Amino acid sequence: MSASEEVEVKASDVEVEASRLVRIVAALVLIVLSATFLIGVFDIRSPKGLDPAGPRFFPLLVTTAWLIFSIAYLVEGLRSPKTAKPVGDRSWFEPVAISGLLVLYALLVVPLGYMLATALLFFAAARVLGSRQLARDIVTSLVLAIVVYVAFTRFLDISLPKGVLGL
């Protein structure tokens, strides 16, 4: 091929490669975040160790699952064909936005309290994932936050941050 010959590149191939790259970068960000939170789980002081009734068990379970799914997402991104049709224009948005929400939640759970921070997280996550029913999202977020709070504080005897509401 001489220097004067042009290589034909389809716009769809460039979009697919960009989409694939975004998925890989998003997966790497998710892996770093989940690994960071997983390391942080071991800072939770518990006289019961990894006992299922202890305060470390559920965060350990969730962050481990998050790390496993993040690695699976990376593998899927690496194995996806370079010329396949892109899944969607916003395929990168949801995982990055949810990761950002989780980081924000980790920063706000102590000052705002578990109940308020969790309700806000659930509401924001529903909106990020495409829900547009405001009343339902508010009610569902509040009910889920209350149910989880009661389950942890009353049944598992795990103390959660009270925050500004004092609950």
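For all residues, glycine too, the Cβ spot is worked out from N, Cα and C.
According to TrEMBL, the transmembrane segment annotation covers 20-44 (among others). Sequence-remote contacts of a segment are chain residues at least 6 beyond its ends whose Cβ falls under 8 Å from one of its Cβ atoms, and for the transmembrane segment (20-44) they are 55-56, 59-60, 63-64, 66-67, 69-71, 73-74, 76-78, 80, 82, 91-92, 95-96, 99, 102-103, 106.
For the domain 'DUF1468' (25-161), the model gives a mean pLDDT of 86. According to TrEMBL, the domain 'DUF1468' annotation covers 25-161.
Here TrEMBL flags 56-75 (among others) as transmembrane segment.
The transmembrane segment annotation in TrEMBL covers 95-126 (among others).
The annotation transmembrane segment is assigned in TrEMBL to 138-156 (among others).
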(message) DSSP-wise, what's the residue breakdown of the domain 'DUF1468' (25-161) into helix, strand and coil?
(response) 97 helix, 0 strand, 40 coil
